[in-house]
Amino acid sequence: MSRPSSTGPSANKPCSKQPPPQPQHTPSPAAPPAAATISAAGPGSSAVPAAAAVISGPGGGGGAGPVSPQHHELTSLFECPVCFDYVLPPILQCQAGHLVCNQCRQKLSCCPTCRGALTPSIRNLAMEKVASAVLFPCKYATTGCSLTLHHTEKPEHEDICEYRPYSCPCPGASCKWQGSLEAVMSHLMHAHKSITTLQGEDIVFLATDINLPGAVDWVMMQSCFGHHFMLVLEKQEKYEGHQQFFAIVLLIGTRKQAENFAYRLELNGNRRRLTWEATPRSIHDGVAAAIMNSDCLVFDTAIAHLFADNGNLGINVTISTCCP
């Protein structure tokens with residue numbers, strides 16, 4: 001989608017660096033879109049999958065599909081006796097030849113199998129060669145991922161796997177919750193009750209007290225097309241001495257689902273307009289990377305004041321579906 005035109009961005013409710021006040025709803029006129037006023041807030045093992053190893057040449061890519069008992073037996077040789085994840089290169093053994101993964105090894109004083117010494121470190125080069133010829137299951141196979149991967153590709157895939165647990169998407173709240181996609185909205189409604197939800201494809205996101213000092217987040221939910229979208233406006237000092245606002249829309253859903261939608265943010269007033277149109281990001285991706293790359297609506301405090309009214313900034317938010 002396009003970058004902001006000579007019109008502008010839009011934003012919403014804080015979940016940030018001070019205790020969040022209750023959102024106030026701005027009375028809407030008869031026909032216009034819904035509007036919510038959001039007050040600024042203050043600062044704010046997975047089990048090893050059923051084995052699905054496939055023999056491949058060294059460095060050979062991933063795959064998916066049924067696996068033989070022999071493959072299961074082979075990959076089971078790499079299971080860590082402590083966490084039951086796989087022991088991947090560099091592979092270290094105790095003096096008796098037992099394996100333990102590098103993460104668990106750092107927490108142990110002796111071998112969990114024979115109680116022998118773990119030092120000095122002894123590389124098991126033979127097992128490393130075998131590991132390079134095997135495809136390992138993704139650690140999230142138990143929740144639906146069917147990929148098997150070379151050990152060099154496994155960590156990177158698992159960092160972005162669609163089947164990994166979802167984290168709380170509320171920015172600035174330092175919430176450590178994790179769970180399934182189906183449980184995200186329930187978590188937000190019970191643990192973050194100050195977040196307002198508005199219904200409809202077109203709403204007005206009214207962020208209040210935008211002149212608050214320091215880093216502040218405004219967050220609001222928008223419900224339409226059978227999905228929930230999270231509207232986020234962040235104010236932060238990305239560059240020293242230069243505060244900026246970043247506005248973005250996230251889908252409470254997968255990356256594939258997000259591709260079915262587009263959003264438009266618009267600042268409008270005083271015979272000026274600033275717009276941004278893009279595809280929403282999945283909450284699996286979060287907002288940090290988008291802000292780092294300025295892949296969202298970005299404007300500084302001077303621009304914000306052109307559209308603000310007594311320290312309050314209204315952003316028009318429109319969600320639409322994309323043609324297949």
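Every residue, even glycine, has its Cβ placed from backbone N, Cα and C.
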Swiss-Prot Zn(2+) 1 site partner of Cys138, His157, Cys161, selected from Cys145, Cys168: Cys145
Candidate set Ser10, Ser16, annotation phosphoserine, source Swiss-Prot, matching residue: Ser16
Among Thr119, Thr279, residue with annotation phosphothreonine (source: Swiss-Prot): Thr119
Counts of helix, strand and coil residues, the zinc finger (133-193), according to DSSP: 21 helix, 11 strand, 29 coil
Helix, strand and coil totals (DSSP H, G, I; E, B; other) for the zinc finger (80-115): 4 helix, 4 strand, 28 coil
Listed in sequence order, residues not in Cys138, Cys145, His157, Cys161 with Cβ within 8 Å of the centre of the Zn(2+) 1 site Cβ atoms: Lys139, Tyr140, Ala141, Leu147, Leu149, Lys154, Glu158, Glu162, Tyr163, Arg164
Across the zinc finger (80-115), average pLDDT on the 0 to 100 scale: 94
Long-range environment of the zinc finger (80-115) - Cβ separation under 8 angstroms, sequence gap at least 6: 45, 47-48, 121-124, 127-128, 131-132, 136, 139, 151, 154
